[in-house]
Ligand code: AMP
């Protein structure tokens, strides 16, 4: 019988890497929580039409990458390719925008895109995202960006940069689009690129081929054609980022894969990751709520890649969080010792100590090996003579230092030793 393997392009995370995965995710969520974002948990599948309308009919995500199927009731269902459309759907459906604004929400979970898998690009990937709805204040754009930046720094990452631009809005973008299309129409582009220029000319600016890059070098840039209002907004975002101490570089050629962005647009790029270098991105999406049938409220948010942030940590050799599986490991020598060490599980764990012990009647050597592998700082070694004397040996695994502590005080002694 052939063994099963995971579907193509889908990562599994297991110990010890899974501990880093959780640390990365929790660091991203923790940063959002500290800025007042409330957690929202949403379904992984929605009506296909929500994404078609929300993400944009002409995007690669919608035309080529969605996992879409018909359910047993004949409805067209799609596994969520991104988070913002689902959050807006829930905000509108539950009237969450009727209270105090801005409404600030954070989410974490799996997303699905049928992309060609490669390093850092998966068909199921994980994002942490935030959305701030209902207040068109450039300080809020800067806050969203700072929440991401703080989280990356807290992980210990340094090898990334924040790229920033403004994509204008419904008042200045159409005129710019025409200007860019007129420029592109004069170039000797191949048919496929010409077609792309017709659907979304901005994408052509982001073409990676050197010959196309050379041709669009002098193309008009949105940044130079912003309306007064868009320009003022952009300048203020940059000012607030300075106030927050968040460093950025401007990239007027930035293109995002989702159509809903307006004004502020940003991406966090890590140079150690090869082709899939974006560890997160986001921006403002002022028309989206209304487009999905809600009030005409503005919004700004980000989606950060947990998988790629984890890869970035590995590339930089930084370790967010604690990857050890436990703090203390019990090493029983004999049956009586085993029952004592088993009984310690409840009080130690209740005191917040991560505790495991050697199961399966291993001898001293095997049990000590288990202790080392567990990543614990201390072993509790218990033999017959210790029981008679009412003590247990508390052994620091890194140094081999060992001291006797009274069995009745073991929880206090362990907490002291761990510095808690
Ligand atoms: P997007 O929703 O396209 O703006 O993506 C936001 C972030 O999610 C990106 O910067 C990546 O870090 C991550 N991401 C997007 N697509 C994938 C994928 N196929 N595999 C892994 N991470 C992804």
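Any Cβ shown, glycine's included, is placed from N, Cα and C.
A quick note: this is a predicted structure, and the numbers were derived from the prediction, not measured.
Lifted from TrEMBL, the feature list:
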type: DOMAIN; residues: 32-312; note: domain 'Aminoacyl-transfer RNA synthetases class-II family profile'
type: BINDING; residues: 82, 83, 84, 113, 127, 131, 256, 260, 261; note: L-histidine binding site
Collapsed DSSP category at residue 84 (L-histidine binding site): helix
Local Cβ density at residue 256 (L-histidine binding site) - other Cβ atoms counted within 10 Å: 20
Filtered binding-site residues, from 82, 84, 261, whose Cβ is under 6 Å from an atom of ligand 1: 82
Residue 261 (L-histidine binding site) CB neighbourhood, other CB atoms within 10 A: 28
Around the Cβ of residue 127 (L-histidine binding site), the count of other Cβ atoms that are within 10 Å: 23
Under 8 Å by Cβ from residue 84 (L-histidine binding site), counting only residues of that chain that are 6 or more apart: 54, 129, 131, 258, 260, 285, 288, 299, 301, 303
